[in-house]
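> What TrEMBL records for 97 is active site, tele-phosphohistidine intermediate. Here TrEMBL flags 171 as active site, proton donor/acceptor. TrEMBL lists 96, 97, 98, 99, 100, 101, 102, 103, 147 with the feature substrate binding site.
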């Protein structure tokens, strides 16, 4: 539709697919990222041809990612992790600890506290610190197990708030497999190890299912973190725990455990709305491991 009002030419259009609108003064093409999908209405106000300076004013209704380049607002993205309203939306950055001695030796780590950061792991933690130096965090939560604790201490140095260590962020307890080299575990406990690798949600020891237990503790961790005052949080923990945290936020069960992988020092970011529902914004970012990349958090 078009019309003149007060010497100005007004266009109002709801566009589907690719739309072209024009006048004697200008022509504009709108090409949404997703053809044939309805986008929000745009009102364009421009001066008449007699005006020496062309002015264009746009009014956007709703949230149109094709025009803003941003994500749509989200509602009921998945199930609420809190089951109650939060005071503010939250942003949570998840970090896996740096390379550890048992990572390097190919051992099953689990909840053992005997594996520590290697020189490479310390350097990775330092890279994480530099990459996040310009990001404000209200609080940092960490697993108290040494390899995660040391990583958190390096990343969080010079920040005012004290670190918060949560037992609910500890790694899965893998019983007799802990400390064994993977090749030895495969040879000595072929059935148990095969189940842990190929069907982890059904790995059982004396009636206890470690991965199902991990889902319970990870759910508790989310509740503790999201109940904390503030808007931006950093969480430093372990690979299996991170898999559980991410799957739970996305509404996935233990059977999807190995569908997600996280590198040492990898960063993942979630946004939570006031209902405690999660939107995954970034998964396993590692640019900072190879470059001097610095991440800047955006609230949009």
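Glycine too: its Cβ is placed from the backbone N, Cα and C atoms.
No curator has checked TrEMBL annotations; they are predicted automatically.
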> For the substrate site made of 96, 97, 98, 99, 100, 101, 102, 103, 147, how many Å separate the two farthest Cα atoms?
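Overall maximum Cα spacing for these binding residues reaches 15 Å.
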> For residue 98 (substrate binding site), what residues in its own chain, 6 or more apart in sequence, show a Cβ-Cβ distance under 8 Å?
117, 118, 120, 121, 122, 123, 124, 125, 128, 147, 150, 151, 264, 265
> Name the residue among the recorded positions 96, 97, 147 whose Cβ has the smallest number of other Cβ atoms within 10 Å.
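If we count Cβ atoms within 10 Å for the recorded positions 96, 97, 147, the smallest count is at 96.
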> In whole Å, how far does the CA atom of residue 100 (substrate binding site) lie from that of residue 171 (active site, proton donor/acceptor)?
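Their Cα atoms are separated by 14 Å.
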> Suppose we draw a 10 Å sphere around the Cβ of the residue listed as 'active site, proton donor/acceptor'. How many other Cβ atoms does it contain, all chains included?
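A count of 27.
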> What whole-number Å value do you get for the CA-CA distance of residue 102 (substrate binding site) and residue 171 (active site, proton donor/acceptor)?
14
> For the C-alpha pair, I'd like the distance in angstrom between residue 96 (substrate binding site) and residue 171 (active site, proton donor/acceptor), rounded off.
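A Cα-Cα distance of 11 Å.
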> Measuring Cα to Cα, how many angstrom lie between the residue listed as 'active site, proton donor/acceptor' and residue 97 (active site, tele-phosphohistidine intermediate)?
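About 11 Å separate the Cα atoms of these two residues.
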> Beyond the listed site residues 96, 97, 98, 99, 100, 101, 102, 103, 147, identify every same-chain residue whose Cβ lies within 8 Å of the center of their Cβ atoms for the substrate site.
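Here the non-site neighbours turn out to be 104, 109, 115, 116, 117, 118, 121, 151, 264.
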> Select one residue from 100, 102: among these binding-site residues, choose the one with the most other Cβ atoms within 10 Å of its Cβ.
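Of the binding-site residues 100, 102, the highest Cβ count within 10 Å belongs to 100.
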